[in-house]
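S.K.: Structure incoming, see below.
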Amino acid sequence: MSILNGLNSEQRKAAEKIDGPLLILAGAGSGKTRTVTYRIAHMVLEKGISPYKILAVTFTNKAAKEMRERVENLIGLEAKKVMVSTFHSFGVRLLRVYAAKLGYDANFNIYDADDQKKLVGRLMKELVVTNKQLTPASVVSKISKYKEDGDEPSDVAKEVYNADTRVVAAVYEKYAQELIKNNAMDFADLLLNTNKLLDDPEVLEKIQGRYEYVMVDEYQDTNNIQYQIITKIAKKHKNICVVGDEDQSIYGFRGANIRNILDFEKEYKDAMVVKLEQNYRSTQNILGAANSIIKLNTTSRGKNLWTEKEKGHLIEIFSASDGRAEADYILQEIIKGKNNGRSYKDYTVLYRTNAQSRVFEEAFLRHRISYKIFGGMQFYQRVEVKDILSYMRVINNPKDTVSLFRIINVPKRKIGAKTIEKIRDFADENEIIFFEAMGRIEETGLGSAVKVTVLRLYEMLKNIMEESQFLTASEIYDMILEGTNYMNYLTSYDEKFEARMDNVRELRTSIQEMEDSEQYEGFISVGEFLEQTALVAATDDLEEDTDYVKLMTIHNSKGLEFPIVFLVGMEDELFPSAKADFSDDDLEEERRLCYVAITRAEEKLHISHASERMVYGRISYMRDPSRFLKEIDDRYVDYINKAKVTPKKKESKLGGLNLITKADFKVDEKSPFKIGEKVTHKKFGTGIIKDVEAGKRLVIRFRDGDKKLPLVLAEKFLVKE
DNA sequence: TATATCGTTGTTTTT
DNA sequence: CAACGATATA
């Protein structure tokens, strides 16, 4: 009697295939995690494979934790020996061991988007970047793209495409050097450097030798670097099992390459492919609606999701007059449900952008409905929390100037830009790090008052650093708060200081919780704590049993399921996003996102849209219902208050992108390219020609902005679709 | 060097 | 709208 009897025939087929490449195409709600966990259990219990030899990679900590727990339920404590990890934590773990091979110390800090922006901003200032189009954020995003594609600064420098590229290349090069100097890695580095490490024969051999069986979850969302990492590890034994669903690939903007899953069989000719098509989650109507939308995607391989469940409720579509009315409708539905024996925790609100959470938050607050928002402004990113974390980061890694500059004058110590510059110069001259230069402040020739404050800060930090190995993170937190008198500083920060103080206290609680957890048994080093905070994901702390309404973006909802779902803000230019309006690839990704949203619902799905809504603090009028709404087959939906037909007069929307209108489609006979045509560029991807300037230059709207291309070059680099 | 005030700018989506 | 940066003034 095999443990696999708990699976259906297809799931079982997948779970039994242990050796060689395996592709599991797992439709939404088809028992993917069940299959994978049973597969692991089968390997360990029935095939006698050592759990140490198994590596399972997921995208979020929550998914990793769930997988670990479910394997543990099946095989007990042996489960702890299986390496279940996210890509990023797996990378960090390896990088800590082999940091030196890449010129890093083991205690490197991890930079988030905020830190990246700060550093890039600093470098742009140093390089005197005058182009106002290039903001730190935009440059960071370009650099991240390069990294996701595996392009080094030198690769970018070779491709001297235009002035912008040259500037970005220069910043990128400095940025890369600066990261090493600061002993810090950004998110992309965690993967990129892991991948580099695996080029080292010693490391590769060790990893390949250890992990004979590799599994990857959510394979449709792997980027090119993650693909390389997995390919290298699995190369020796070829026991690679990837699980995914091309219809749920929603992270293209972050470098995810849907081709990884689509081309798996080409890459591994002897791969077994198993399709899981029975859905255990949703009713027939919900599945029908989801299927009617996704079949319009050209990247969909086509699958037939089916269920034994009943037809269930029709999908209710509500047309609200404005955003407020939309929130009220949802509020009423929840109150009604609550009176009929449902709980808050049965309800989830899904939206396209984080900003949309606000109006619901206000409604729920007014009516004392308990709720929790996942994602958005993360706890660890708040100013006051980040301040304390920055102190910890300096203590963990004195080379980290991004953190050091952040806190050097917080609380106010009268250390300004001038002083920092002088200390920096001194540090450069003497080839020491900035922090050590602070300790030798006497030699800098700065004014005596400022010297005293700098030295006092240095000594405080140095003190904690020296003891830090023996101190647990909460003790270090206490020393920082005491040493800086931070709470006192907060009282005069702004009118929200009380909430800020609460957050700082909550940080203490979160350290304490980790410290007390089974994993750490009372001691967590400051480095370990920082690592945790850097790698948390929005829904990692989602608790199924707590009775609150959950609110999150559709992206954050992936992999989760909820009894009753409100899919809100279903309007063109919001969903699909206005920024996805110009290319088919983008539109298809938005459609997949819509598919993900619909398939989260188990019993009932509400979809709503509003004809007016506050956007950027102004009211946007006559908003059209989302085109995706029209794509749902009518037999699955119930319009509970059919929208008033609004006159079709397209005004140019405030803020956001102006859509290309008919008036733009004038024809320039001389040019082989016409306005409105779709073109592909090998670097920028698909775009739409917006303008043909005097027959000389094309303005093309690509995914990451408008580009101007001289006709001569255009003929060389552009391919018409 | 700190603070006050004004103007600009942006918002997809995230490990 | 709100967060952030640039500029002026103490």
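Heads up, the Cβ atoms here are built off N, Cα and C, so glycines get one too.
Checked TrEMBL, it gives:
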type	residues	note
DOMAIN	A:5-283	domain 'UvrD-like helicase ATP-binding'
BINDING	A:Ala26, A:Gly27, A:Ala28, A:Gly29, A:Ser30, A:Gly31, A:Lys32, A:Thr33	ATP binding site
DOMAIN	A:284-559	domain 'UvrD-like helicase C-terminal'
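Could you place the listed features in the three-dimensional structure?
M.R.: In the three-state DSSP scheme, A:Gly31 (ATP binding site) is classed as coil. The Cβ neighbour count for A:Gly31 (ATP binding site), using a 10 Å radius and every protein chain shown, is 21.
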S.K.: Other Cβ atoms within 10 Å is the metric here; tell me which of the binding-site residues A:Gly27, A:Gly29 scores highest.
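M.R.: When each Cβ's neighbours within 10 Å are tallied, A:Gly27 tops the list.
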S.K.: Find the average pLDDT over the domain 'UvrD-like helicase ATP-binding' (A:5-283) in the predicted model and report it.
M.R.: 91
S.K.: Between A:Ala26, A:Ala28, A:Ser30, A:Lys32, which of the binding-site residues has the fewest other CB atoms within 10 angstroms in the structure shown?
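M.R.: Lowest Cβ count within 10 Å among the binding-site residues (A:Ala26, A:Ala28, A:Ser30, A:Lys32) is A:Lys32.
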S.K.: Which ones in the same chain are close to A:Thr33 (ATP binding site), with CB under 8 Å and 6+ residues apart in sequence?
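M.R.: The answer is A:Ala63, A:Glu66, A:Met67, A:Arg70.
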S.K.: So around the ATP site, A:Ala26, A:Gly27, A:Ala28, A:Gly29, A:Ser30, A:Gly31, A:Lys32, A:Thr33 aside, which residues have their CB within 8 A of the centroid of those CB atoms?
M.R.: A:Thr35, A:Asp245, A:Leu276, A:Asn279, A:Tyr280, A:Arg281
